[in-house]
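Peer 1: Just passing along the structure, written as structure tokens.
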């Protein structure tokens, strides 16, 4: 039985134990019918079982019907060739992984936010319900210690917020992007991650808490540095935001239609109240209009930003997104 191993090479397995045949077993045929098994299974059948060939049910002869043992030179040559093929495969894998040093992968559940005041540069503070915790379950918050931005308003910090759900990460970006905070405008976007140096060397990583990638990322979310400079990762992020807005709009439509149908069928005499259906339909209509408006503002507001999302959510929910700060976002998103 021939199969492909992890290297993509064809190898022969024993049909009984499903183990790859050793070099000496490749020319071992114990029965005259030509049914090939390994010598271990042959000895097991002859000494501990019925001694019959599993294929033709004839008794195995004392000596194998067809067996041409390899010389030591032949065995050594085969093993050398196998090692050479394995080394070639490793070199090819290493070469392809080295090319990943120039690649960054967008993480759909990772929010990167800049413009945070230093007083909020604490993971436990940012996890609170009044800050990033309100958008969904958070897996981890990491303050970017290597980068502190200083400007006319004083220093600011940046942070990586990892959500359990990618949809929550997108909602967080829409909620905080372009919100004014202590005189600064917050900017949020999906974060990118590079590949671990050990992974690119085809070696195990000794760091249990390593934040870099140890497996190949989604090709659609992978971009070279040149592609990122061209803004292709922002285009990818905008698509994700538009998909989220579309799903929210469809959900609102479905919810409104279901409510309307339920109210229409609620009256036994066939004359349902005019007030309740009118209220439900109006509410549904408002939700749809707001969602469409948010999508437009998202596209217009993100054309010049680094996050790829928009400021639609921040325009409508800036005050309650960061209630303790008192500063509302600007009426129009800055370019």
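A Cβ is built for glycine as well, from the same backbone N, Cα and C atoms used for every other residue.
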Peer 1: Out of 190-217, 218-245, let me know the one TrEMBL marks zinc finger.
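Peer 2: Among 190-217, 218-245, the range TrEMBL annotates as zinc finger is 190-217.
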Peer 1: Could you pull out which residues elsewhere in the chain have a CB under 8 Å from any CB of the zinc finger (190-217), counting only those six or more residues past its ends?
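Peer 2: Sequence-distant neighbours of the zinc finger (190-217): 90, 93-94, 97-98, 100-101, 103-108, 110-112, 142, 160, 169-170, 173, 223, 228, 233, 237, 240, 307-308.
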Peer 1: Using DSSP, break the zinc finger (190-217) down into helix, strand and coil residues and give each count.
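Peer 2: Residue counts in helix, strand and coil order: 4 helix, 6 strand, 18 coil.
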